[in-house]
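Worksheet: the structure to be examined is printed underneath.
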Amino acid sequence: MKTLFVFAVGIMLSMRASAFTCPECRPELCGDPGYCEYGTTKDACDCCPVCFQGPGGYCGGPEDVFGICADGFACVPLVGERDSQDPEIVGTCVKIP
């Protein structure tokens, strides 16, 4: 999991250097997200289905590339991240009291 996160952060940093653009949507190329405990939404390009994130799931990043929290959860910036109002911040989903 840590390796995946480090890889994802690398992708995010490279995306910052260039504008985020989506390829043409080809639903037949989308993978099945499998069982999604908190339901599904569309990916950052509004093409493929992805799972909403629950407690402890990664969220945020440019165009929410790391995920979107399910209803009742908020994306809280990871320790060490800068301005929490920056839409490119990576965080984890935390239940809203």
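A Cβ is built for glycine as well, from the same backbone N, Cα and C atoms used for every other residue.
Keep in mind that this is a model prediction, so the values were computed, not measured.
Positions annotated as signal peptide by Swiss-Prot: 1-19.
When DSSP labels each residue, the domain 'IGFBP N-terminal' (20-96) comes out as 6 helix, 22 strand, 49 coil, counted as helix, strand and coil in that order. Positions annotated as domain 'IGFBP N-terminal' by Swiss-Prot: 20-96.
Long-range neighbours of Thr21 (O-linked glycosylation site) (same chain, six or more residues apart, CB within less than 8 Å of its CB): none. Sequence annotations record features per position, and here Swiss-Prot assigns O-linked glycosylation site to Thr21.
The Cβ neighbour count for Cys22 (disulfide bond), using a 10 Å radius and every protein chain shown, is 11. According to Swiss-Prot, the disulfide bond annotation covers Cys22-Cys45 (among others).
Note: Cys47 (disulfide bond) has non-local neighbours Cys22, Cys25, Arg26, Pro27, Cys30, i.e. same-chain residues 6+ apart with C-beta under 8 A of its own C-beta. Annotated disulfide bond per Swiss-Prot: Cys25-Cys47 (among others), in sequence order, evidence recorded as sequence analysis.
According to Swiss-Prot, the disulfide bond annotation covers Cys30-Cys48 (among others), on the basis of sequence analysis. In this view, Cys30 (disulfide bond) is surrounded by 14 other Cβ atoms within 10 Å of its Cβ, with every protein chain counted.
What Swiss-Prot lists as disulfide bond is Cys36-Cys51 (among others). Around the Cβ of Cys36 (disulfide bond), 15 further Cβ atoms fall within 10 Å across all displayed protein chains.
Less than 8 angstroms from the CB of Cys59 (disulfide bond) sit Gln53, Phe66, Gly67, Ile68, Cys69, Cys75, Val90, Gly91, Thr92, Cys93, each of them six or more residues away in the same chain. As annotated by Swiss-Prot, disulfide bond applies to Cys59-Cys75 (among others), with the evidence given as sequence analysis.
The disulfide bond feature in Swiss-Prot is assigned to Cys69-Cys93 (among others).
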Fill in the blank from the handout: In chain order, residues whose C-beta lies under 8 angstroms from the C-beta of Cys48 (disulfide bond), counting only those at least six residues away in the same chain, are Cys25, Pro27, Leu29, Cys30, Gly31, Lys42
Exercise for the section: Pop the mean pLDDT for the domain 'IGFBP N-terminal' (20-96) in here, whole number is fine. Expected result: 90
